[in-house]
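As annotated by TrEMBL, compositional bias 'Low complexity' applies to 1-11. Feature annotation from TrEMBL assigns region 'Disordered' to 1-29. Summarising the annotation, TrEMBL assigns transmembrane segment to 78-101, 113-130, 183-203, 223-247, 259-281.
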Amino acid sequence: MSAHRQAQQKQAKNRRSAKSGKGEKMRLKAAHEKELIDARRSNPNYAEPDFHQAGDASFEDDDFDPMAIPPTGQKRKLVVGLFLVPVCIVAAVTLLELFFRATVDGKFWKSEGFWFFTFGCMLWFALGWFRMQPAWLYVFAHEFTHVIAAKLSGGKVHAMHVSDEGGYIETDKTNVLITLSPYLVPLYTVVIFAIYGLLEAFVDMHRDVMWTLPFLEVTMWIRWAWLVYFFVGMTWCFHITFTLEVLRTEQSDLEHNGEFFSIILIFLTNLALIGALFIVASPTVNWIDVWEDAKGMVLWAWEYVSALRST
């Protein structure tokens, strides 16, 4: 056998040995990771991780370690957040001005939408007072909103877990929409509006309907729109209270996208939702009023800044 042939065989043996050693290291690493996971789960205080990443798959939820997924575009998001600050100010002041204008003559307080929306809010807070607010309903809404956002973003969802202690989904994609969607979209309120829109095509939701209460034999007149206002108020308060609670205790989603940018985006989106609900319920305010007030405020701010620059 030539020396060249012997050298080739020796190199091939070394490659097989290195490959075998690498495979053994990978198996040992996997076994070690499994031991760590089993040890953590044997702890009675262990909680299922909400978000972690393995390989190309990402596991999305509330309690993930933000250091496990490298944040992307933090500086760009910070700049976007800074540009959104004036938008938030204009939107907030516009909403306050319209609210003040609608309540001066008292018509808003007398509207059906306001009263039944308020009744829904009061029922939700009453349930909270008696500690009857089921956390798993929020966990389901939170995770299902992640699922919808992942699907809309072109990702695949491999699993979804929901419990009273928390939940997670397994998806192969993550972005701002997927991460922050549960804080931006009140899922149950959207469902109520979808049902309302579907029924409105076949039934006059504002027509008086005679309804007899079962067992009590009491007849009363109702409008189906009242129930819509009621459940919108209840589900919106559900969304706000649990969102504030989660943001107070869990900061991982915000840290991954940048806390400043995330807070600004959450604030602006929920402010827009409040404004939309207010306009729908108000008999005197419409979208043209919103546009005119916002435009006037922007022009005033521009003139004020121009005056400061000229001095």
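Every residue gets a Cβ built from N, Cα and C, even glycine.
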Output the single range from 78-101, 113-130, 183-203 maximising the number of Cβ pairs under 8 Å to the transmembrane segment (223-247). 113-130
Go through the chain and flag residues at least 6 beyond the ends of the transmembrane segment (183-203) whose CB is under 8 A from any CB in it; none is fine as an answer. 137, 141, 144-145, 224-225, 228, 231-232, 235-236, 238-240, 243, 246-247, 253, 262, 265-266, 269-270, 273
